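Features as listed in TrEMBL:
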COMPBIAS  11-21  compositional bias 'Basic and acidic residues'
COMPBIAS  201-216  compositional bias 'Low complexity'
DOMAIN    8-94  domain 'Large ribosomal subunit protein bL25 L25'
DOMAIN    106-187  domain 'Large ribosomal subunit protein bL25 beta'
REGION    1-33  region 'Disordered'
REGION    194-225  region 'Disordered'
Amino acid sequence: MATNSSSLAVESRDPQHSRDARRTRRTGQVPGVIYGGDLEPQPIVVDARTLRHTLAAAGAVIDLSIDGASTTQPVILKDAQRHPVRGEIMHIDLLRVDLKQAIQQPVTLELTDVDEAAGVREGGVVEQLLREVTVEALPNEIPESISLSILDLGIGHNLTLAEAVVPAGVTIVDDAETVVVSISAPRVVVEAGAEGEEGAAAEASADAPAESAGGDEAAEESAGE
């Protein structure tokens, strides 16, 4: 089940200065925008460190305070653009939500009992093909992640989203027949050196009878003389 919401304080940003995003980041702040509901999109800035701490501890819903206002509005993180090398958050999109209206949100799909899985104990290799799934629920009911046990999964078999168990009030939106994970047989790798040695030994064995036969013929000719 989803965790409790967290609070986040942000400041409004002048939309005419939206091109100053690089300067904003240099001051330790992250630019962003709030949209959704019946209100116009609103540019904002937020302290980068505060944002990191909030996202690490928050559930799906964040209680947002703008410009020090005592009232808050519920939002969810819709998108976070990150630096391709450093991984730092460069920009955020926050979506206003109605706590009484269901929303769709992607959540992480986690595998459990991996080391104890039947196929793994037989030497198989786990291949997770899907790591995120879209669910629908009330904002405060969005789970942090969905777990899927592969304890009984054997080599050559797979599990689909239909096998995933979700909390009450939560619905998986994606196709139930989508394959999440499979266990394949271990690959046997033959070293080139070993293969070459085996081939040379086979050739030597094949040549041996011919040489022996040639020696016998020479001996017979010598005896005849």
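Glycine is treated like the rest: Cβ placed from N, Cα and C.
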Where DSSP helix means H, G or I and strand means E or B, what are the helix, strand and coil counts for the domain 'Large ribosomal subunit protein bL25 beta' (106-187)?
10 helix, 33 strand, 39 coil
Let me know the model's mean pLDDT on the domain 'Large ribosomal subunit protein bL25 L25' (8-94).
89
Looking only at the domain 'Large ribosomal subunit protein bL25 L25' (8-94), what are its DSSP counts of helix, strand and coil residues?
22 helix, 40 strand, 25 coil
